[in-house]
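Now, the feature entries from TrEMBL:
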type	residues	note
DOMAIN	27-448	domain 'Major facilitator superfamily (MFS) profile'
TRANSMEM	28-54	transmembrane segment
TRANSMEM	66-90	transmembrane segment
TRANSMEM	102-121	transmembrane segment
TRANSMEM	133-153	transmembrane segment
TRANSMEM	174-197	transmembrane segment
TRANSMEM	203-222	transmembrane segment
TRANSMEM	255-277	transmembrane segment
TRANSMEM	289-310	transmembrane segment
TRANSMEM	322-340	transmembrane segment
TRANSMEM	346-369	transmembrane segment
TRANSMEM	381-402	transmembrane segment
TRANSMEM	422-442	transmembrane segment
Amino acid sequence: METVEEATPLVHIGAGTQKKSLLHNRNFVLLWSGQCISLLGDFVFDTTLVLWISNGLTKNQPWSPLAVSILFLMTTLPAFLFGPVAGVFVDRWNKRQTMLRMDLLRAGLIFLLFAACMFESQTFIPHTSSMTFGWLGGIYVIVLLATICAQFFNPSRLALVGEVVAEEQRTKAMVLMQMTMSLALILGPSLAAFLFALVGVKWALLLNAVSFLLSFVAVRAINTPAQEEKPLGAVQAKFMQEFRAGLQFCVTNRVLSTLLIALVLATLGAGSIYSLNVFFAQNNLHASIAMYGLLGSFYGIGSVVGALLAGLFVQKLGMERTFWLSLVVFGGVFLCYARSTELPLALFFFFLLGIPNAAISVALMPLILQVTPRELVGRITSVLMPLQSLALMISVVCMGYLDSNVLKHVHLVLFNQLFGPVDTLFTMTALLIIGGGLFTMLRLTQLKKAATEAPEDK
């Protein structure tokens, strides 16, 4: 039987650090500012690549949706294949040094793509198919390698927060970092669309590369205590043992398995947005490239509003009800978005989508912590994230394939509504998300009823 020792902090934070306000904590401010710059560059980069592929490299090609789907596959595959393994090395290595290495590697990768654009006169629309596939291959490889770096960088950053922020201030720190992500989501897509339409792809790439260098400068200025590294063999053995224990607990715990199924169903449905939304905006909403960026901005605004309201939702409705109800609402709003034909109405629906999405994120982790022993929390995360990445990977590939091949010529009229390829897929996946929410409602209600009846039976 596995024994659990009492957890001890990695770093003893002195009283002086504890008394400082969060924004007077030099190390946290440096870490936070680096994240602000890096996240903005990431969102600009991600949106730029979607626009570059869909409106440049594969413009007017019937397999363009598949090309965009493969791009998202390159961003999800590393999380599934390398995420749990990266955690082993993150535990062994110095967190700050790991972040510095990953920032330099990613800056170098993006600079390679920028340099290729600068030296190629026909970057935007190649004249031959071989040039098109060459550019796509290069983009996919660089995105894959940069995302592998992120699997080491992101857990190191979260661990570093625990080292430089006092325990009673960590909640505030995470709120600030989450709000930063939402604001980057608001500004990044719009800025990317503006730069793409105004000056082309090169300068958006340069902006992302520079953002990694600025993040490197900020992280390098952080002062952290020396960290003792664990032997690799012992870490690897412990990792495999703990990973199996976490997987077994996920399967046998009925609440966790319910949440996991719901999350996978929701991710399978939401994956259609990642791979097909740019085509929906152009073909169904008749939106320009610059206007496409507004969708992400409105979604980000909705996420900020949802984050502010989520605490009230949980307080009034409870975590379980907030979780499944947010899934149902997200699916319902997504269903309305799928039937949109005008950009203003679509922007409103995309704003509404951000609200339940934030509520789902807020309710999910407390639910997991509520049913998971403290010593298993890390292992449950190592199971949860790869499975979610796998669901997203399957979704984006299937959606791209269905839109490019199976449903390419679909045009149906049902109940006086015209259904094309993308909005048909959006409608189907919205119903899948609603089904996941209803399944969660029924399962959690049954489990709660069984838990209350058990003491009475005794």
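Here the Cβ of each residue, glycine as well, is placed from N, Cα and C on the backbone.
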(Q) Under 8 Å between C-beta atoms and at least six residues away from its ends: which parts of the chain pack against the transmembrane segment (133-153)? (A) 49, 52-53, 57-58, 67, 70-71, 74-75, 77-79, 82-83, 86, 89-90, 98-99, 101-103, 105-106, 109-110, 112-113, 116, 123, 126
Q. Restricting to the same chain and to residues at least six past its boundaries, which positions have a Cβ under 8 Å from a Cβ of the transmembrane segment (422-442)?
A. 258-259, 261-262, 265-266, 268-273, 276, 279-280, 283-284, 323-332, 334-335, 337-339, 395, 399, 402-403, 407, 410, 412
**Q.** Considering the transmembrane segment (174-197), which listed stretch of 102-121, 203-222, 322-340 counts the most C-beta pairs under 8 Å
**A.** 203-222
Q. Going along the chain, which residues at least six beyond the ends of the transmembrane segment (322-340) come within the CB cut-off of under 8 Å?
A. 259, 262, 266, 269, 273, 284-285, 310, 313-314, 346, 349-350, 352-353, 355-357, 359-360, 362-364, 367, 417, 423, 426-427, 429-438, 440-441, 444
